[in-house]
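> This structure is in structure tokens; I'll ask about it shortly.
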């Protein structure tokens with residue numbers, strides 16, 4: 001593993017202007033639109049007539065050091081080193097951490113941490129489009145308070161269009177995302193710089209003493225305000241999650257030399273404005289503008305928030321696909337919106353889920369300031385899970401001494417925990433929403449994983465070891481018929497139930513029998529050279545292990561074509577695929593509780609078939625039912 005990850009399929013990480021602009025359009029949409037609401041939410045705890053200059057400087061100092069510690073040091077300098085063959089993200093980090101340990105118990109703990117991070121990500125993915133679009137459209141109220149009644153309808157319309165166009169793909173529109181975000185960052189940076197020239201004393205907030213003094217002076221109120229300060233770093237996870245698309249170096253360079261300076265200029269500009277005019281604290285971002293430019297800025301901000309929302313939605317699709325490949329979610333339909341870019345996907349169930357929840361959040365909360373109370377807790381929970389996984393990888397994979405690991409990641413973890421605990425105070429003020437969504441997803445993932453493990457366990461108990469079956473085969477009087485039969489099996493050491501049922505009912509066996517097991521080795525991509533492992537068990541009987549990465553979509557016929565190129569004596573066009581379809585019944589002593597079993601059965605019934613998921617031609621498939629009690 002290299003310090004700078006190389007994106008899959010890329011010859012290297014050469015810095016090109018087009019690549020840097022592309023990074024801006026995908027990676028920084030979320031964190032780049034945080035100035036719309038972060039300062040406003042942080043100042044909301046202080047009435048305008050009681051707002052002191054020292055309070056503004058203290059909050060700015062906390063925002064500055066949050067960006068330095070959480071984003072720059074933690075993600076840009078440390079966690080982006082821990083790539084999984086070029087890929088980033090919580091589940092990718094989880095898979096890497098599980099690869100570097102042999103302990104089943106440790107793997108289980110790592111899996112739970114990864115599941116928690118992924119579940120909380122979905123909680124965050126519902127809040128981001130809602131608060132981003134609302135905060136942008138609310139700029140109309142600065143033009144005229146009478147326009148307030150149009151904010152919700154316009155926000156709903158923008159969200160409706162955003163989710164509707166997902167099915168058509170974002171490749172064409174995505175080409176414009178980068179240049180638009182360049183304009184966005186330049187504009188917000190220039191607006192802030194203008195105010196800093198007017199009141200340069202605001203730069204004193206760069207000194208951490210002001211942040212520390214603010215905390216000591218206001219104690220509990222300062223602790224509560226941390227829950228809004230963290231809004232400035234929401235979207236930091238995207239820097240790590242999108243490594244596979246762009247590589248580490250372009251993301252680091254664009255952050256350090258463009259995005260971070262522009263964000264800091266805007267934050268400090270808002271602070272300078274509020275120091276001069278405390279009443280601007282009601283919406284400091286839009287009060288940076290001359291009145292005549294507010295409407296154009298509302299339009300630009302709305303476009304920027306749509307880009308931010310698009311990045312989160314695409315991230316949710318990617319996490320859903322990874323979860324499916326890693327066995328954490330049932331098989332779901334995945335549509336490719338670009339024939340040449342397998343990263344551009346559309347997952348209908350995820351899109352529908354996000355759309356419904358986002359609309360309900362907009363209608364339920366009604367304003368970005370109300371949503372700010374719900375925002376943050378899921379993000380900070382993800383920060384904690386990522387920090388724990390990264391600490392394990394640094395200790396085991398990079399061989400850091402335990403003392404150094406604890407010192408570095410312990411210090412960062414304290415910052416993450418401070419942000420998380422301050423957001424816990426907002427649980428009853430809306431923070432329960434992303435928590436409920438996150439823990440619902442965690443329950444779904446753990447239930448699916450547990451249910452599949454029980455199915456595998458019961459199937460194994462009722463199955464015949466493959467060695468025993470092959471030992472009896474030469475003495476049997478089973479009629480061999482022409483053709484090739486492929487039997488899918490979850491365990492290569494046991495005889496597939498579909499084969500036993502076929503023998504029981506049809507009394508024949510094909511001349512060529514291939515047992516196929518699909519595995520995920522915990523890496524994002526597997527090249528064709530490593531795709532298949534073939535073993536001839538006896539005359540005409542083969543065992544094939546196929547490996548697919550968690551960023552790939554398995555295609556069994558295409559993988560078997562590779563075997564023909566290696567000299568395996570069968571024609572894929574003559575293959576019949578035999579699959580088992582489970583019928584679940586309640587066991588005498590159930591191992592899944594009533595509610596979890598109901599959830600598992602619902603997911604099992606609604607999962608797409610193995611035929612569709614593995615891209616197997618439906619006219620070549622024979623399905624045989626199997627009853628399993630759990």
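Yeah, the Cβs are placed from backbone N, Cα and C, and that goes for glycine too.
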> Which one of 87-107, 255-275 shows up in Swiss-Prot as transmembrane segment?
255-275
> For which of the residue intervals 199-219, 220-240 does Swiss-Prot record transmembrane segment?
220-240
> Name the range, of those listed as 255-275, 374-394, 427-447, that has the largest tally of Cβ pairs under 8 Å with the transmembrane segment (173-193).
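By the under-8 Å Cβ criterion, the transmembrane segment (173-193) pairs most with 255-275.
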> Of the stretches 59-79, 108-128, 345-365, 374-394, 405-425, which racks up the most C-beta pairs under 8 Å with the transmembrane segment (145-165)?
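Highest pair count goes to 345-365.
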> Any chance you could find the range in 19-39, 59-79, 108-128, 374-394, 405-425 with the most Cβ pairs under 8 Å to the transmembrane segment (345-365)?
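It is 108-128 that shares the most Cβ pairs under 8 Å with the transmembrane segment (345-365).
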> By Cβ distance under 8 Å, which residues at least 6 away from the ends of the transmembrane segment (19-39) in the same chain are close to it?
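Distant contacts of the transmembrane segment (19-39): 59, 63, 71, 128, 131-132, 135-136, 174, 176-182, 184-185, 188, 228-229, 231-236, 238-239, 242, 245-246, 250-251, 253-255, 258-259, 263, 266-267, 270-271, 274, 284-285, 301, 304-305, 307-312, 314, 368-369, 372.
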> Take the transmembrane segment (427-447) and find every residue of the same chain, 6 or more past its ends, with a Cβ under 8 Å from one of its Cβ atoms.
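Contacts of the transmembrane segment (427-447) (Cβ under 8 Å, skipping residues fewer than 6 from its ends): 112, 115-116, 118-124, 126-127, 323, 328-329, 357, 361, 365, 370-371, 373-378, 381, 592, 596, 599-600, 603.
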